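Visitor: Input: one structure, supplied below.
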Amino acid sequence: MTKKPGGPGKNRAINMLKRGLPRVFPLVGVKRVVMSLLDGRGPVRFVLALITFFKFTALAPTKALLGRWKAVEKSVAMKHLTSFKRELGTLIDAVNKRGRKQNKRGGNEGSIMWLASLAVVIACAGAMKLSNFQGKLLMTINNTDIADVIVIPTSKGENRCWVRAIDVGYMCEDTITYECPKLTMGNDPEDVDCWCDNQEVYVQYGRCTRTRHSKRSRRSVSVQTHGESSLVNKKEAWLDSTKATRYLMKTENWIIRNPGYAFLAAVLGWMLGSNNGQRVVFTILLLLVAPAYSFNCLGMGNRDFIEGASGATWVDLVLEGDSCLTIMANDKPTLDVRMINIEASQLAEVRSYCYHASVTDISTVARCPTTGEAHNEKRADSSYVCKQGFTDRGWGNGCGLFGKGSIDTCAKFSCTSKAIGRTIQPENIKYEVGIFVHGTTTSENHGNYSAQVGASQAAKFTVTPNAPSITLKLGDYGEVTLDCEPRSGLNTEAFYVMTVGSKSFLVHREWFHDLALPWTSPSSTAWRNRELLMEFEGAHATKQSVVALGSQEGGLHQALAGAIVVEYSSSVKLTSGHLKCRLKMDKLALKGTTYGMCTEKFSFAKNPADTGHGTVVIELSYSGSDGSCKIPIVSVASLNDMTPVGRLVTVNPFVATSSANSKVLVEMEPPFGDSYIVVGRGDKQINHHWHKAGSTLGKAFSTTLKGAQRLAALGDTAWDFGSIGGVFNSIGKAVHQVFGGAFRTLFGGMSWITQGLMGALLLWMGVNARDRSIALAFLATGGVLVFLATNVHADTGCAIDITRKEMRCGSGIFVHNDVEAWVDRYKYLPETPRSLAKIVHKAHKEGVCGVRSVTRLEHQMWEAVRDELNVLLKENAVDLSVVVNKPVGRYRSAPKRLSMTQEKFEMGWKAWGKSILFAPELANSTFVVDGPETKECPDEHRAWNSMQIEDFGFGITSTRVWLKIREESTDECDGAIIGTAVKGHVAVHSDLSYWIESRYNDTWKLERAVFGEVKSCTWPETHTLWGDDVEESELIIPHTIAGPKSKHNRREGYKTQNQGPWDENGIVLDFDYCPGTKVTITEDCGKRGPSVRTTTDSGKLITDWCCRSCSLPPLRFRTENGCWYGMEIRPVRHDETTLVRSQVDAFNGEMVDPFSAGPSGDVSGHPGGPSQEVDGQIDHSCGFGGPTCADAWGHHLH
């Protein structure tokens, strides 16, 4: 039973049934309502009204209110705001009507209004300032002035102005000035945020805020990437993240192109691992390492060992950045010569780029239509950047006519941060070198330069171009003299040092000059191209804002990926370069040779340690006090046989002091494998077992590899330790170990027959071996040898054996034998025929009608892939066929280039199989390769030199050479197949078609040249010997047909043979008499002209020849069609109509023969005639003294 409430509750103090509303103070209720609206709660209309209130009062709304504003739907918001607009219009009409009634009353009311306005002006005087600009009134305001109407008293009455700009801040350097136009009654403002009702004025305000930086453009400058540096460098490049991706791509290509090696690497990796995880890891590591040793794999160690012959008095060194040479010679102390530092000082500033700018003092002058062109007076100031334009004007922005009005905006540009480029002068490069003697050194003093200098065991010196020679005193060890040839290895004209912020980089000159940033020169303060860091925003009726771009430092750092980082303060430390020195050792002497042997016991103070260079350092403690005495130390293979093996790096080690427990460091080089280090004599003898990993053959292989790298890297200063006058009895030994390439290291020197027989023997032994591990090892090694014996494999880079007249690129070989026969085992292939077909199609659409091959190997490549290309074109519905014609004469150049594309054509298996058996039909349009020039496909519409070597692969009978499309346009020949060398008195420039040989006999002169074909590219300077200050008119083989710009390409009495028989086949240039002819030197001889064959059209021999000032024996060309003489040698009294002349002119169209004085049949080698005869003498002095020039230009290590 329930009881109804009510009865008992009547007498309570508070009746729960009749409780009314709580009593709240009215102001508290209002506060609650307003606070809920500020928090974004409440009816939409109230929220919008509150936001409008904040907008009109220039107050900042709360975040919650803004959040509610953003959440309101568009249709709802538009409905309420439209009603607000109607209400505002009603209020405006009411005010206008009220104003007219008040004016009729007159009297004191007008005076009262004027006083009120004056009071407002006085109240605003502390914030607003008045001045003049462009002949009109200028008011300077701040952000507190825009909340109310600004009243300015004028002679015409009060001028009321309204400013509704949203970018008004506090005053600072970032100001903006523009016109507030006068609007007549009843016109609404249009495209203006400031207007007045009486007369136009200018407004100025600052745009700075307390909470954030100035407004800046979102745009950024596009800076082209720098790319990888071409310098051989010891340090990592900046942000070099692209190499990992490129290396993975190269690994993939290597696996595809060398499946045999990849299979063997996978088998070896699988055999090495004991579980599946290890097998996968080992296989991946082997596949990643393998291509590093098949392409671009040659590395440089930072320490070389040089052993001199007995009685040697001097030795040639090549010091590289951060490298160290250890020199050992009989009866001489061992020396360490170390390149400590390469430094360039007094850098000249070239150009400064601004990468962070600021924009201040913006002013805009506007004019109405038909009132003339706007002109901003600040245009006269060079520190301002101005821009003129046109805007829409009319009644809503102060103009009586509608139309385009002129506007002129100026802004002051100033640079906040700049990047400075500096150039290095070769004469300001200095080299700091240290020499250290392997003497008696304790572990405390090892590496302590000051202590070693105090003991006369070390010295430092600086080499500069002005002071290349120095003599160092080494105390009891005598003295050494160094004569150096400073060559930085850095082309200072091609690189700049660029400083960005706190970092400095070595950048390419062309990249630096092409930067799209404002720049200035050292002699000027004006910035050029300032518009690149400024943005003129869209112009309004009378206002145009200008903003600066943000700092471009991040973009510059990103673009500099691949550049070399250097340290720069007042000088720059270089990490690329080398120094060639001759070290004279005749005054060096061993110390302690007369000391007796130590008789007390030695102990190992520390366990012997591996230096990482194949040597071991032993720290010995001597208990005796009978010093000074020599240390009996030796390395032996067995304790039962004390025959010394290995050698001491520290020659004649001794204990220098008589104090007990003195410590001495000794360095020695043990043999590969197991050995014992024995110290002491008799029962006081101690020993330590040592194992040195590696092999003698592997060491020799790595040494040869290192020499080949120096040949490629140093160019005309390539050198060879085995070619310096018999000073060395062994080549320079790089002691860093070579991982990978083990098979070629052990068996690469054998013939393929020996490799095959040995492989078969090992396979047989593996099959018959009982032990599983031995059997697998024999089978794997035998299989590798059989594979090597049946495949030609290669590394990139070419080496020359001058004695055998042999050039080797990888393991493929290119031989120039004694009977002048060229034998090549190379085969050019495109990267993929599918992509090449698409490239051909794209080029044909762009107006390229064909190509000119650079060499005969490229021509053969086009012949080999022609049918496959045509099938691809046909399968993809392209009405185009590739036609390969036989080349005529030399391989000519053409102006256009093929361009790369990522697209490829597709072809099915059926079409591919059909292409092997049948050639496709000829299409209506053709793409012509080589052949004679025709009207349908002239040379000016052909492409040339569009491909370069990407990689070397393998093949059964030939080395495969893979080509890719060049990324840049160049006339240079491909350097991947070029080798240059100087050895003894012979210098050679060679590639797969040229063998140009020069000899030293009193002077260097061209001796002979053999041409497989004649091409039209230019020989690269990076592979040119002695190319300083060479005049092209003296080059016998013209520069335009790949003649090296070298002083080796000269001979006394002869000038450039631009009209030689270069269109002939099988050309051999040498200096001798053509069979059955004689040449005499006489002043009455004819003038220089095109080369003439010694037989006429009918085969009659011309026996008598002459020249004016040539040297004998004469220059001749031997070709398949007969013997020709050089341009200086002319026939004596012969019918001109029967002569066979060369029709070639190897100069390009803009050049003329500098020795020509008449028509082609009467061309003189003497421009001034007989009275001004030119004898053709050439200065052959190399500046290093007679026959030693060969050493100055480097040597070849094959």
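A Cβ is built for glycine as well, from the same backbone N, Cα and C atoms used for every other residue.
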Visitor: Disulfide-wise, see what Swiss-Prot says Cys598 is paired with, picking from Cys581, Cys629.
Guide: Cys629
Visitor: From the ranges 392-405, 476-489, 966-979, 1036-1049, grab the one Swiss-Prot calls region 'Fusion peptide'.
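Guide: Feature region 'Fusion peptide' in Swiss-Prot: residues 392-405.
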Visitor: Just confirming the record: what cysteine out of Cys1085, Cys1110, Cys1123 does Swiss-Prot connect to Cys1106 via a disulfide?
Guide: Cys1085
Visitor: Are there residues at least 6 beyond the ends of the region 'Hydrophobic' (37-72) whose Cβ is under 8 Å from a Cβ of it, and what are they?
Guide: 80-81, 84, 143, 146-147
Visitor: So of all those recorded positions, Cys598, Cys629, Asn1001, which one's Cα sits nearest to Cys581 (disulfide bond)?
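Guide: Closest by Cα distance to Cys581 (disulfide bond) among the recorded positions Cys598, Cys629, Asn1001: Asn1001.
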Visitor: Please tell me which one of the recorded positions listed here (Asn142, Cys415, Cys598, Asn924) sits closest to Cys484 (disulfide bond), measuring Cα to Cα?
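Guide: Looking at Cα distances from Cys484 (disulfide bond), the smallest one goes to Cys598.
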Visitor: Recorded positions Cys324, Cys386, Cys629, Asn1001, Cys1017: which have a Cα within 10 Å of Cys410 (disulfide bond)?
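Guide: So the list is Cys386.
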Visitor: Helix, strand or coil for Cys629 (disulfide bond)? Use DSSP.
Guide: strand
Visitor: Mind looking up the mean pLDDT for the region 'Hydrophobic' (37-72) in the predicted model?
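Guide: It averages 79.
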Visitor: Round to a whole number and give the Cα-to-Cα distance in Å for the pair Cys1106 (disulfide bond) and Cys1074 (disulfide bond).
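Guide: Cα-Cα distance, Cys1106 (disulfide bond) to Cys1074 (disulfide bond): 13 Å.
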Visitor: How far is it from Cys1123 (disulfide bond) to Cys354 (disulfide bond), counting Cα to Cα, in Å?
Guide: 64
Visitor: Taking the Cα of Cys415 (disulfide bond) as the centre, which of the recorded positions listed as Cys354, Cys629, Cys973, Asn1001 lie within 10 Å of it?
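Guide: Hits: Cys354.
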Visitor: In sequence order, what residues of the same chain, 6+ apart, have a Cβ less than 8 Å from the Cβ of Cys1017 (disulfide bond)?
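Guide: Counting only residues 6 or more apart in sequence, the Cβ neighbours of Cys1017 (disulfide bond) under 8 Å are Val854, Ser893, Asn945, Asp971, Glu972, Cys973, Ala1042.
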Visitor: In the region 'Hydrophobic' (37-72), how many residues does DSSP call helix, how many strand, and how many coil?
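Guide: DSSP composition of the region 'Hydrophobic' (37-72): 25 helix, 0 strand, 11 coil.
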